[in-house]
Amino acid sequence: MMGGHHAATGAAAWVAVTASTPIAFGWYPVSDASVFTGALVCAGAALLPDADHHSGTIANSLKPVSNGVVKVIETLSGGHRKGTHSILGVAVFTAIAWALGFLSIDTGDDRFGAILIGPGIMCVLLVSFALKALKITRDTKVLPWTMSVTLAVLIAIFAPEEWYWMPFSVALGCIVHILGDMITTAGVPLLWPLKFRSPYWMRNKRGIELDMFWRSGGNIAIPILGNAGSVREWIFLVPVSLYAIVGIVWAILNEMGYDTMAVWNQVVALVPA
Ligand SMILES: [Zn+2]
């Protein structure tokens, strides 16, 4: 799946899981401010598994920090579409986000309390991934820094007690990324570093092509979208992106104090039973 598409699915998943509006599930309820700030963070987290490739988009999103981070991830994970696209990869990324939650500085001032450095750094990096993948920041050096730092500070101001959701957001983003790649033909090595190659008899069979699902290299796929970047992928992304946008705008309007439910009820009343 393409970078921008991963970002959109991450934002949509965050809205679906955390918003308490009638169009969402509300399984992991957060405040309205956290619905829209978290959507941006989760969009970035949904790009994290692709931070395993030194010439990829992600490596260039926040230079020189991003390419350094990518180089480390690439080495540790065994290269592109390996460790970061596995269950173990999700666990490691989530554990890092959780551990960074403890990195804070106590200001000794009641008004400011502890400044959460770790989640702040994570937030700046993930937001820069999202902005790059959504082509909001291009190949400039200053803009990614100013935009992602500003957004991280805004999140800290609007939702200072909300950093607790950072590990959850990272886990959700990574899972959505892996699912997104899993529904393309190349598939993902879910059980990395374990590798189960499909039996030889399964490959290149006519009729039932079992090797579509269990690739010769051991990857697992449910290739409903075909190749990455296919027309089917673009079509799939239209409702997903619209859903994310509606959910984010809804949360912003709620936060601003608009009676969004009254509008929703009027819209529902227009639909014939
Ligand atoms: Zn990927």
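Using the three backbone atoms N, Cα and C, a Cβ is placed for every residue, glycine included.
No curator has checked TrEMBL annotations; they are predicted automatically.
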11-30, 111-130 - the one TrEMBL records as transmembrane segment: 111-130
Surrounding residues of the transmembrane segment (111-130) on its own chain - C-beta under 8 Å, 6+ positions past either end: 7, 10-11, 40-41, 43-45, 47-48, 51, 58, 61-62, 65-66, 69, 97, 99-105, 137, 144-145, 147-149, 151-152, 155-156, 163, 166, 170, 173
